[in-house]
Amino acid sequence: MEEDLFQLRQLPVVKFRRTGESSRSDEDGISGEHEVQIEGVRTELEPVELEDGAAVPKEFANPTDDTFMVEDAVEAIGFGKFQWKLSVITGLAWANAMEMMILSILAPQLHCEWRLPSWQVALLTSVVFVGMMSSSTLWGNISDQYGRKTGLKISVLWTLYYGILSGFAPVYSWILVLRGLVGFGIGGVPQSVTLYAEFLPMKARAKCILLIEVFWALGTVFEVLLAVLVMPTLGWRWLLILSALPLLLFAGLCFWLPESARYDVLSGNQEKALATLKRIATENGAPMPLGKLVISRQEDRGKMKDLFTPHFRWTTLLLWFIWFSNAFSYYGLVLLTTEFFQAGDVCSISSRRQEVKAKCSLTCEYLTEEDYTDLLWTTLSEFPGVLVTLWIIDRIGRKKTMALSFLVFSFCSLLLFLCVGRNVLTVLLFIARAFISGGFQAAYVYTPEVYPTATRALGLGTCSGMARVGALITPFIAQVMLESSVYLTLVVYSGCCLLAALASCFLPIETKGRGLQESSHKEWGQEMVGRGSHSP
């Protein structure tokens with residue numbers, strides 16, 4: 001008996017921790033750890049030291065549990081070579097900003113070349129957003145039903161095909177229809193964020209989604225530079241064709257993209273999900289958790305009613321208005337920038353338009369080299385917008401970041417009431433665009449985080465659809481209402497952003513420091529307690 005007790009005293013005590021939970025100090029509150037202690041037996045833990053930079057041996061990866069979830073595997077594998085490749089490839093799809101930036105360049109050109117009245121110019125812009133609005137929910141539903149990769153590939157190839165075809169439009173009615181079909185395809189491109197977010201560990205998610213927005217900024221800058229080179233020599237048709245280059249590159253690389261492991265598990269395809277996770281672990285040089293890959297329960301996917309359950313009803317409605325205001329203000333500013341630069345300053349824009357009307361209703365002015373230069377400067381504001389949002393989003397949270405962005409945009413819009421010169425005008429437009437683009441980026445971080453896997457693509461799709469409603473309306477404010485009153489136009493944009501700032505503050509859920517929710521049948525964040533807020 002004494003020999004048995006002596007041998008028992010020599011055994012080390014092992015601490016067990018559930019997979020995915022953060023290790024905590026003894027002072028922390030509720031813990032997922034359970035110690036086995038025997039009176040009179042040595043209870044200290046035996047440490048295992050690793051050299052700096054050394055990987056955790058596979059025998060120590062998840063040694064105590066026989067099951068794990070996708071969230072556990074993504075967190076254990078971490079960020080590495082796989083995510084870098086994924087960033088570049090999904091970023092190429094996100095560079096479809098070129099197809100949006102071209103609207104502010106194409107409108108004055110066709111107005112002059114085809115002698116279009118202002119309402120037809122505005123309709124040419126709006127029809128793109130009609131296509132995006134009508135398809136965003138559809139692409140979200142396809143991504144939830146048939147996979148993120150499937151929805152993204154089809155939407156990108158659709159956009160590429162009709163984008164190139166619109167360069168051959170012979171008359172106004174043709175280009176109107178073709179650009180509408182381009183908009184229909186662009187409505188599915190935001191699903192790249194859904195696919196991307198589901199492969200990112202929690203600590204890196206906000207920063208990575210914001211950094212992928214750099215591709216949007218690069219797309220807008222590249223479009224302006226391309227217009228400077230192409231428009232004077234080759235014309236707008238070649239500009240439309242060459243603007244599809246990033247999507248053409250994506251189409252060639254998309255065969256590498258894997259399907260989301262979260263989607264595969266939720267659709268009952270555990271083997272495929274496990275193969276994807278092993279592929280990521282191999283590329284990153286990290287160990288896989290041991291055990292069986294499981295999910296809490298199977299769920300129906302892509303159901304609209306799930307966006308209006310008691311947990312998500314107010315979140316959905318407030319997010320719809322926030323996305324509406326983001327697109328309404330962002331694209332409104334893009335269009336206003338061209339109008340302001342052609343006028344020279346804000347105060348003379350109405351009088352200049354009245355003079356033009358007195359001469360001829362179809363009188364037009366092509367964009368000059370100075371206009372392109374100033375347009376480039378305001379477009380470059382996308383980059384500091386990314387940096388500012390990147391710096392504050394994990395410090396003050398997603399909700400406050402969106403609210404701050406809307407407030408700064410509203411303040412800059414009100415400052416335009418002053419009769420400022422062209423230099424001050426450029427600075428104000430620079431700041432306003434930096435912050436409204438930052439607010440848009442924060443919404444792209446928040447929305448995939450707040451919805452569970454079963455409705456994540458649909459939630460992002462419906463929000464994107466509401467954004468297109470705002471973008472659909474904004475040409476008639478920025479181009480048509482502007483003819484009547486520049487001040488009324490600015491009041492509309494400023495007031496809308498003030499309301500959006502309030503909506504951001506009233507969002508019931510803050511996703512900062514939280515993991516992605518897998519099941520819609522649990523309280524939000526229930527699965528993630530102890531993982532997000534205590535992560536190192």
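Positions of Cβ are set from backbone N, Cα and C atoms, glycine also.
These come from TrEMBL:
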type	residues	note
DOMAIN	85-512	domain 'Major facilitator superfamily (MFS) profile'
TRANSMEM	86-107	transmembrane segment
TRANSMEM	119-142	transmembrane segment
TRANSMEM	154-175	transmembrane segment
TRANSMEM	209-230	transmembrane segment
TRANSMEM	236-257	transmembrane segment
TRANSMEM	311-331	transmembrane segment
TRANSMEM	401-418	transmembrane segment
TRANSMEM	424-446	transmembrane segment
TRANSMEM	458-478	transmembrane segment
TRANSMEM	490-509	transmembrane segment
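Using the rule of three or more Cβ pairs under 8 Å, pairs at least 6 apart in sequence, the transmembrane segment (209-230) is not in contact with the transmembrane segment (401-418).
Sequence-distant contacts of the transmembrane segment (86-107) (same chain, six or more residues past either end, CB-CB distance under 8 Å): 121, 124-125, 128, 152, 156, 159, 163, 182, 186, 189, 192-193, 195-196, 199, 208, 211-220, 222-224, 226-227, 231, 236, 239-240, 243-244, 246-247, 249-250, 253-254, 256-257, 331, 334-335, 337-338, 367, 375, 379, 479.
With pairs at least 6 apart in sequence, the transmembrane segment (311-331) and the transmembrane segment (490-509) have 3 or more Cβ pairs within the 8 Å limit; the two touch.
Taking pairs at least six residues apart, the transmembrane segment (424-446) and the transmembrane segment (311-331) share three or more Cβ pairs below 8 Å and count as touching. When Cβ-Cβ distances below 8 Å are used as the criterion, the transmembrane segment (458-478) is approached by residues 122-123, 125-126, 129-130, 132-141, 143-144, 183, 187, 190-191, 193-194, 302-304, 306-307, 312, 316, 319-321, 323-329, 331-332, 335-336, 339, 443, 447-448, 450-451, 489, 492-493 of the same chain, each at least six residues removed from its ends. Remote same-chain residues near the transmembrane segment (311-331) are listed as 100, 103, 129, 402, 406, 409, 433, 436-437, 439-440, 443, 446-447, 450-451, 459, 462-464, 466-471, 473-475, 477-478, 493, 496-497, 499-500, 503-504, 506-509, 520, 523-524 (criterion: CB distance under 8 Å, separation of at least six residues from the stretch ends). Within its own chain, the transmembrane segment (154-175) has Cβ neighbours under 8 Å at 93, 96, 99, 110, 114, 116, 120, 124, 135, 139, 142, 181-182, 184-189, 191, 237-241, 243-244, 247-248, 250-251, 254, counting only residues six or more beyond its boundaries. Residues 322, 325, 329, 333, 346, 389, 392-393, 425, 428-429, 431-432, 435-436, 438-439, 442-443, 446, 487, 490, 493-495, 497-498, 500-502, 504-505 of the same chain sit 6 or more residues outside the transmembrane segment (401-418) yet have a Cβ under 8 Å from a Cβ within it. A mean pLDDT of 80 is what the model gives for the domain 'Major facilitator superfamily (MFS) profile' (85-512).
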